[in-house]
Amino acid sequence: MTVLVLVETEAGQIRQASRSAIAAATKLGDVHALVVGNEAEAETAAALAAKVPGVAKVLKAGADVLAHELAEPMADLIVSLAGDYSHIVAASTAVGKNVLPRAAALLDVQPIPDVMAIVDADTFVRPIYAGNALATVKSSDAKKVLTIRATNFDPAPAEGGSASVDAVNVTVQDTVSRFVSEHTPTSDRPELESARVIVSGGRGLGSAENFQSVLTPLADKLGAAIGASRVAVDSGYAENDCQVGQTGKIVAPELYIAVGISGAIQHLAGMKDSKVIVAINKDAEAPMLQVADYALVGDLFEVVPELAKAL
Amino acid sequence: MKILVPVKRVVDYNIKVLVKSDGTGVETAGLKMSMNPFDEIAVEEAVRLREKGSATEVIAVSIGVQQAQDTLRTAMAMGADRSILVLSEESPEPLAVAKVLKAIVEKEKPDLVFLGKQAIDDDMNATGQMLAGLLGWGQGTFASKVEIVDGRAEVTREVDGGTETVSLAVPAIVTADLRLNEPRYASLPNIMKAKKKPLETIQAADLGVDMTRRLTTVSVAEPPTRKAGIKVGSVAELVEKLRNEAKVI
């Protein structure tokens with residue numbers, strides 16, 4: 001069996017989530033990595049993808065129509081390549097979630113999102129109800145279209161492979177959608193989804209100023225990414241893309257420090273697979289304290305600075 | 001401009017579901033059911049566009065069991081003009097739902113279809129994209145802002161690392177993210193009025209859509225439980241535990 005994996009790059013590297021998708025795909029068969037972008041982007045991405053161990057071949061699709069990874073041309077491209085593949089795989093990123101279901105519909109296939117485990121070529125485990133249940137599902141479709149929950153598969157290394165690169169003849173056009181602009185706040189911090197340590201803040205911080213002034217010194221000491229609960233994002237304390245939870249990012253760092261986060265079902269869905277969870281909350285009844293390995297009941301405005309100082 | 005809004009009846013978001021002891025699914029009997037939260041946001045956005053004069057009619061549609069009419073009444077109490085209930089088994093798959101919606105779209109000819117980005121029960125995040133694919137329409141998924149500009153839909157999308165704006169030819173599909181708006185509560189007078197708004201019921205079978213499931217649920221299990229944690233009494237104790245017991249710092 002041969003598996004087509006849509007591979008994304010970011011800041012001159014293969015995204016860690018895509019390397020997890022490659023690692024998952026190697027359990028299913030030979031892996032062909034599809035990279036897209038304008039000619040130059042695709043060239044760079046192909047060189048990177050060729051070095052990922054486990055990749056047998058790289059398909060390089062370079063064309064202006066693919067420059068912004070819009071779903072319409074991307075899905076058409078995937079469908080045009082789908083013939084030879086038993087499985088079509090991407091990471092559960094914004095791009096994967098946008099593109100793969102559309103491609104699946106065009107292939108008349110029911111996609112299987114957020115795969116956490118591969119049982120066999122047809123059978124997969126995925127979370128439902130905000131991760132409160134794990135469903136094992138068996139697909140009767142001839143082709144399987146999957147997105148991979150990156151935190152459940154150790155990423156393939158970035159170096160060590162030497163795959164061949166084939167250029168794809170891109171004939172797809174896009175007449176219905178157009179890229180207008182993007183807004184990507186830059187940050188020196190590690191990417192949330194691949195960070196080893198995450199310091200996350202919630203309602204308890206009270207303001208955007210507090211959010212920054214309390215969490216930043218601790219995150220700096222730990223080299224941590226900063227996350228947030230939905231309330232913190234909705235209240236404007238943090239950017240939307242910091243949100244951890246069922247509808248935000250799914251993370252599983254080695255250490256997750258939840259500061260002033262009560263621990264609603266929807267937030268727990270995004271972080272309860274973290275290796276070690278620390279909860280700092282003044283409410284001894286907060287649900288977050290029930291899942292935490294180490295719970296400290298106290299005023300975060302005293303505890304967090306003290307913790308930052310002690311490290 | 002006509003807007004179609006598919007809505008789904010799901011277990012209320014505040015309820016923590018329990019896995020059935022025989023592992024065949026989750027226990028939903030007797031639980032409070034509500035409109036999927038993302039669908040409320042989609043309804044709200046459609047109603048706002050009509051209030052602004054950009055849209056002329058908002059039609060809510062739901063696919064599922066008879067009780068889904070309650071969800072449609074809620075949508076009408078929020079401001080949808082009329083509803084269509086497509087009767088089918090409990091919770092069909094997104095592929096089947098997308099095919100049913102395609103049939104409804106071909107009948108009603110809306111200019112926009114607003115959906116929620118995902119249903120909080122199956123967490124699929126697929127129906128909007130699949131419908132867009134089947135129709136060959138543009139898709140603005142995970143939308144945090146929608147504007148009609150020169151007859152096109154300009155959609156700001158929440159993506160990894162920030163936002164992105166796309167311009168879509170109309171007709172188009174938009175799926176609502178949390179940040180799109182704050183849905184209104186239905187007032188009592190509007191709930192009463194919604195009882196008189198038209199609700200058409202059709203059978204999924206009459207639409208000629210094959211509803212056969214492609215995925216069989218082999219089993220449903222509880223996620224692994226974490227071992228009980230401990231309460232630490234001080235910052236010093238926390239640091240000591242993280243260093244020497246958990247060894248993560």
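Cβ atoms are placed via backbone N, Cα and C, with glycine included.
Pulled from TrEMBL, these are the features on record:
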{"type": "DOMAIN", "residues": "A:3-183", "note": "domain 'Electron transfer flavoprotein alpha/beta-subunit N-terminal'"}
{"type": "BINDING", "residues": "A:ARG203, A:229-230, A:243-247, A:260-267, A:ASN281", "note": "FAD binding site"}
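Taken as a whole, the domain 'Electron transfer flavoprotein alpha/beta-subunit N-terminal' (A:3-183) shows an average pLDDT of 97 in this prediction. Proximity to chain B (Cβ-Cβ under 8 A) holds for A:GLN246 out of the binding-site residues A:ARG203, A:GLN246, A:HIS267. With respect to Cβ neighbours within 10 Å, the binding-site residues A:ILE261, A:ALA264 differ, and A:ALA264 shows the lowest count. By a simple count of nearby Cβ atoms, those within 10 Å, the most crowded of the binding-site residues A:ARG203, A:HIS267 is A:HIS267. If you take the C-beta of A:GLN246 (FAD binding site) and look for same-chain residues 6 or more apart in sequence within under 8 angstroms, you find A:ALA130, A:GLY131, A:ILE265, A:GLN266, A:HIS267, A:ALA269, A:GLY270. Residues within less than 8 Å, Cβ to Cβ, of A:GLN243 (FAD binding site) and separated from it by at least 6 positions along the same chain comprise A:GLY227, A:ALA228, A:SER229, A:ARG230, A:VAL233, A:LYS249, A:GLY270.
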